[in-house]
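If you check TrEMBL, you get these features:
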DOMAIN    166-487  domain 'PDEase'
BINDING   His242, Asn243, Phe244, Arg245, His246, Asp283, Asp392, Gln443  AMP binding site
ACT_SITE  His242  active site, proton donor
BINDING   His246, His282, Asp283, Asp392  Zn(2+) 1 binding site
BINDING   Asp283  Zn(2+) 2 binding site
Amino acid sequence: MGSASSASRVIFLDVDGRTQKVVFSRFCSPCDIKELFCTATGLSRNTTISLLDSTGAMVSIDPTMPNNSESSPYKVVPITGGQLADKEEVFQNVLTQVAEQFSRAFKINELKSEVTNRLAMLEKRVELEGMKVVEIEKCRSDIKKLREEMASRNSSFLEDNKKLTPHRDVSSYPKYMLSQQTIDALRKPTFDVWLWESNEMLSCLEYMYHDLGLVKDFNINPITLKRWLLCIHDNYRSNPFHNFRHCFCVTQMMYSMIYLCNLQEKFTQVDILILMTAAVCHDLDHPGYNNTYQINARTELAVRYNDISPLENHHCAVAFQIFSQPDCNIFANVDPEAFKQIHQGTITLILATDMARHGEILDSFKQKVDSFDFTNEEHVTSLKMVLIKCCDISNEVRPMEVAEPWVDCLLEEYFMQSDREKAEGLPVAPFMDREKVTKPTAQIGFIKFVLIPMFETLMKLFPQIEEVMVQPLRESRDRYEELKQIDDAMNEFHFIGAEKEE
Ligand SMILES: [Zn+2]
């Protein structure tokens with residue numbers, strides 16, 4: 001065999017039991033060889049075939065396929081359309097599945113990125129909301145702090161030390177320069193308390209301490225006295241009634257009583273100092289709402305003093321807070337024993353101004369008055385309590401023009417309270433209710449059943465007060481009774497008029 005035989009391949013095929021020899025070039029493509037085999041076996045050129053050896057094993061169709069002999073030809077088996085279709089179907093299925101897997105994989109990736117984005121957005125929102133929550137909490141605590149601060153400023157002197165030292169310097173209020181006319185008038189209950197500015201009232205109070213010999217006898221530093229009075233002024237609130245002018249009125253009435261009843265002849269200077277100082281301090285930091293309101297509204301003061309004279313206890317506490325400031329301590333040069341007496345005596349008198357104790361205090365005094373003993377400490381204390389009580393509610397002792405404006409002030413303060421009680425759903429006392437009370441009705445009962453009996457009891461010990469104090473009270477009672485009759489007549493007239501109109 002020459003070069004031709006080395007470049008060609010010889011394969012024997014079984015064609016329907018007959019052996020067919022096929023020769024092809026070693027350089028033929030597998031596709032050419034397949035076409036050649038199809039032609040050799042009488043099949044069309046494009047038929048898909050497989051090649052089997054004598055054992056039935058498949059033989060690959062390509063130029064390097066194994067040789068065979070004439071006695072063992074390969075068998076050409078055409079692959080049927082059905083089989084092909086099945087395989088195509090399988091192939092298609094596989095393709096579809098692969099495509100689905102791919103698309104799922106893609107979708108999962110898409111979902112993943114979407115979920116990641118959404119998570120990031122949510123995280124950001126949570127963070128923002130969290131910041132908002134923190135801000136809100138911060139605001140809440142700020143509001144709470146502000147509320148507490150306001151409440152403590154409104155209702156409690158004790159936490160607010162700013163007022164303990166006077167705002168103004170003493171030099172800004174001049175040394176008392178009272179005319180002889182003012183000095184003479186100051187000793188009488190007829191003194192017109194509406195004519196004076198705060199500074200003038202301060203000068204009057206200062207004068208009283210000098211005039212009674214208290215500055216000299218207790219070695220009070222005159223500058224400390226001025227500073228103390230300024231501080232007192234600053235610790236009265238601007239209520240319609242319970243304000244610094246009321247403090248001045250009560251103290252001025254006490255000063256008048258001391259002269260009228262010659263109390264300096266009967267009392268020690270310590271007692272005089274107690275009477276004057278208790279009068280000055282007796283309503284310090286009054287909030288303008290009475291004990292009934294404090295107790296019903298369960299205010300800080302009512303809680304602090306267990307509903308026992310909350311206001312009067314507070315006035316005392318503020319008074320002695322002021323004395324605890326060295327700048328304002330007019331008792332700095334008083335010996336400890338006397339200070340103890342002054343401290344206790346002042347507290348007793350301020351606490352006695354609680355009208356809830358009126359009956360008890362007056363009854364106790366009534367039991368002593370007929371056999372009164374100025375050397376008996378208990379008797380003297382009882383008298384001092386009645387004296388400060390008389391001064392505290394003494395407006396109707398004053399001339400009508402001076403007394404009457406105070407009724408309007410008191411009613412204004414009462415109405416402020418009753419309006420607040422109504423708004424807060426608390427009980428309202430009829431004498432404070434703007435729907436029920438008039439000036440005459442407010443005054444008649446008070447003068448008849450509180451003022452006159454108390455002043456008449458005091459009159460037993462000091463008959464000189466009848467003309468100067470008790471008589472004006474009776475006149476005032478009569479005047480208000482006349483006013484009430486006019487009011488009643490007017491109401492009746494309106495009533496008849498209304499009936500006629502109907
Ligand atoms: Zn008072």
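Note: Cβ is positioned from N, Cα and C throughout, glycine not excepted.
Distribution of TrEMBL features across the structure.
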{"residue": "His242", "record": "AMP binding site", "CB count, 10 Å": "25"}
{"residue": "Asn243", "record": "AMP binding site", "CB count, 10 Å": "19"}
{"residue": "Phe244", "record": "AMP binding site", "CB count, 10 Å": "21"}
{"residue": "Arg245", "record": "AMP binding site", "CB count, 10 Å": "18"}
{"residue": "His246", "record": "AMP binding site", "CB count, 10 Å": "22"}
{"residue": "His282", "record": "Zn(2+) 1 binding site", "CB count, 10 Å": "27"}
{"residue": "Asp283", "record": "AMP binding site", "CB count, 10 Å": "26"}
{"residue": "Asp392", "record": "AMP binding site", "CB count, 10 Å": "22"}
{"residue": "Gln443", "record": "AMP binding site", "CB count, 10 Å": "24"}
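For the pair His242 (AMP binding site) and His282 (Zn(2+) 1 binding site), the C-alpha distance works out to 10 angstrom.
Among the binding-site residues Phe244, Arg245, Asp283, Asp392, Gln443, the residues whose Cβ lies under 6 Å from any atom of ligand 1 are, in sequence order, Asp283, Asp392.
Same-chain residues that are not part of His246, His282, Asp283, Asp392 yet have a Cβ within 8 Å of the Cβ center of the Zn(2+) 1 site turn out to be His242, Cys247, Val250, Ala279, His286, Thr353. In three-state terms derived from DSSP, His246 (AMP binding site) belongs to a helical segment. Across the annotated binding residues for AMP (His242, Asn243, Phe244, Arg245, His246, Asp283, Asp392, Gln443), the two most widely spaced Cα atoms sit 23 Å apart. Here His282 (Zn(2+) 1 binding site) is positioned 11 angstrom away from Asn243 (AMP binding site), judged by their C-alpha atoms. Confidence in the domain 'PDEase' (166-487), given as mean pLDDT, stands at 95. Per Cα geometry, Asp392 is the residue among the binding-site residues Phe244, Arg245, Asp392, Gln443 nearest to His282 (Zn(2+) 1 binding site).
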